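J.: Okay, handing you the structure first.
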Amino acid sequence: MLDRFRRHLGASGLIPEGARVLVGYSGGADSTCLLHMLRVAGVDVVAAHLHHGQREEADTEMRLCEAFAESLDIPFVSGRADVPRMSQELGMGLEEAGREARYGFFRQAAYQLDCQLIATAHTRNDHVETMLLNLTRGTGLTGLGGIPERREEIVRPILIFSREQTRAYCEENGFWFHDDPANSDLSFSRARIRHRVLPELRSINPAADSALMRLASLVQEEDRFLSGMAAAALEQSEISVNGELKFLTEDVEVYFDRGRLSGLPPVLFRRAIRLAVEALEASLDHEQTSILLSGIASQERGSVTADGGEVVVEWTPELVGARRLQPTQPFRYALTIPGETMSDEFGWQFTAFEEAYDQVSPARAELSTRIDRRKTKGTLYFRTAGSGDTMRPLGFSGQRKLSDLLSESGLTPAARSRLPIVCDLVGPIWAPGVCLDERVRPEASTDLVLTVRFARISPNDR
């Protein structure tokens with residue numbers, strides 16, 4: 001079994017050489033087997049155990065888990081969660097609440113301990129049970145594919161083994177492990193699948209598990225193919241908004257040409273919309289997707305909301321868009337002169353430096369400006385636009401509302417709320433990509449200018 005595990009790790013490339021892996025370690029046979037095999041295979045691992053706050057014996061189990069990890073010279077980290085309370089507050093079942101708590105803890109611990117991957121001990125049995133559970137819920141291809149071997153930073157190295165095999169591995173090596181009573185509690189849907197449905201399927205076909213695994217493999221392959229086609233269609237249909245300032249809102253909104261999308265076969269259209277919404281870390285259920293399909297077919301305007309109203313998918317005769325309704329909190333920061341001022345939260349930066357006016361090159365990027373330094377008042381800073389802000393754009397004789405200038409620029413509401421406005425003691429002097437205030441325009445008599453550039457932060461600089 002260990003030799004097969006080593007071969008699988010090498011052939012699959014699931015865990016790159018040198019990667020540090022956080023192992024979700026409950027103390028059950030599956031996670032005990034996984035932890036030991038990874039350690040023997042030479043993987044740099046950390047054992048992570050979450051106390052769910054549900055059973056009295058959980059305290060003892062946590063201590064035994066720590067002792068086993070120490071016996072293998074594996075770093076151990078633990079946490080506690082009140083899963084019953086979490087279940088009530090979030091209105092979800094104990095199984096779902098426990099899963100949310102575990103993955104939240106794993107991700108936080110992985111970040112703190114510099115682990116690139118999180119390994120969970122799902123087995124072939126879990127894979128098959130998940131397929132059947134999803135089937136009862138009317139799943140699509142993705143759900144019918146069961147548990148993927150890798151999704152983002154989560155890897156599942158022992159999907160190739162059965163629960164019986166992991167248990168036998170622990171018993172043969174004399175390892176301590178415990179059985180979770182919830183696995184036999186028929187009030188849980190998964191337990192009923194495990195103890196009632198699967199035995200019936202095996203009575204029909206003794207190789208039912210293997211047959212379902214083959215089905216999952218085929219479905220996953222076709223699912224990836226269709227997702228690739230849908231992603232290509234999205235890329236060809238995407239409409240660029242906000243021009244040079246598009247980087248302001250790439251994480252909260254995306255828009256597509258309605259004509260191109262509506263011409264797709266329904267199977268690809270549904271998947272394309274799902275991918276667009278998933279890019280905003282949200283999801284649409286079957287009913288919401290059906291409403292959207294009908295609305296677009298009717299050539300009318302409309303919208304549906306997802307994730308409790310936090311994301312809206314809308315359509316007009318020209319476009320289909322998805323945007324996260326995430327209000328930007330007001331911000332205000334001093335502008336570093338000379339130097340760079342970065343916003344890791346939004347992914348942009350200002351660069352500012354002073355120089356003699358006659359040394360300034362006439363060529364400049366679109367998102368840059370030159371300011372007569374002698375005309376500015378007080379310390380320069382940047383902030384979100386305010387409701388009472390006014391500016392006098394170059395060439396204008398009077399003041400105009402900044403909100404009108406931003407709206408007329410063609411920026412989306414999300415971009416307008418995120419655009420940093422450079423100000424001095426008097427008020428706004430530059431809205432990047434929109435206008436410079438006449439008050440600080442360089443003139444023939446100007447001797448010192450401040451050059452300010454606004455740009456996306458390079459990923460290498462974050």
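Using the three backbone atoms N, Cα and C, a Cβ is placed for every residue, glycine included.
As annotated in TrEMBL:
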BINDING   SER26, GLY27, GLY28, ALA29, ASP30, SER31  ATP binding site
DOMAIN    380-450  domain 'Lysidine-tRNA(Ile) synthetase C-terminal'
J.: If the ATP site is taken as the center of the Cβ atoms of SER26, GLY27, GLY28, ALA29, ASP30, SER31, which further residues of that chain fall within 8 Å of it by their Cβ?
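T.: These residues sit around the ATP site: TYR25, THR32, CYS33, ALA121, PHE177, HIS178, ASP180.
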J.: Counting other CB atoms within 10 A of each CB, which of the binding-site residues SER26, SER31 comes out lowest?
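T.: Each of the binding-site residues SER26, SER31 was scored by Cβ atoms within 10 Å; lowest is SER26.
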J.: Using DSSP, tally how many residues of the domain 'Lysidine-tRNA(Ile) synthetase C-terminal' (380-450) sit in helix, strand and coil.
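T.: Going through the domain 'Lysidine-tRNA(Ile) synthetase C-terminal' (380-450) residue by residue, I get 16 helix, 21 strand, 34 coil.
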J.: In which DSSP state, out of helix, strand and coil, do we find GLY27 (ATP binding site)?
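T.: GLY27 (ATP binding site) sits in coil per DSSP, no helix or strand.
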J.: Given a separation of at least six residues and a C-beta threshold under 8 Å, show me what packs close to GLY28 (ATP binding site) in the same chain.
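T.: Correct list: ALA121, PHE177, HIS178, ASP179, ASP180.
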J.: So if I draw a 10 Å sphere around the Cβ of GLY27 (ATP binding site), how many other Cβ atoms end up inside it?
T.: 23
J.: When you measure from the Cβ of ASP30 (ATP binding site), how many other Cβ atoms are you left with inside 10 Å?
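T.: Within a 10 Å radius of the Cβ of ASP30 (ATP binding site) lie 26 other Cβ atoms.
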J.: Tell me the Cβ contacts of ALA29 (ATP binding site) under 8 Å, same chain only and six or more apart in sequence, or just say none.
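T.: Same-chain residues close to ALA29 (ATP binding site) (Cβ under 8 Å, separated by 6 or more) are ARG163, THR166, ARG167, TYR169, CYS170, PHE177, ASP179.
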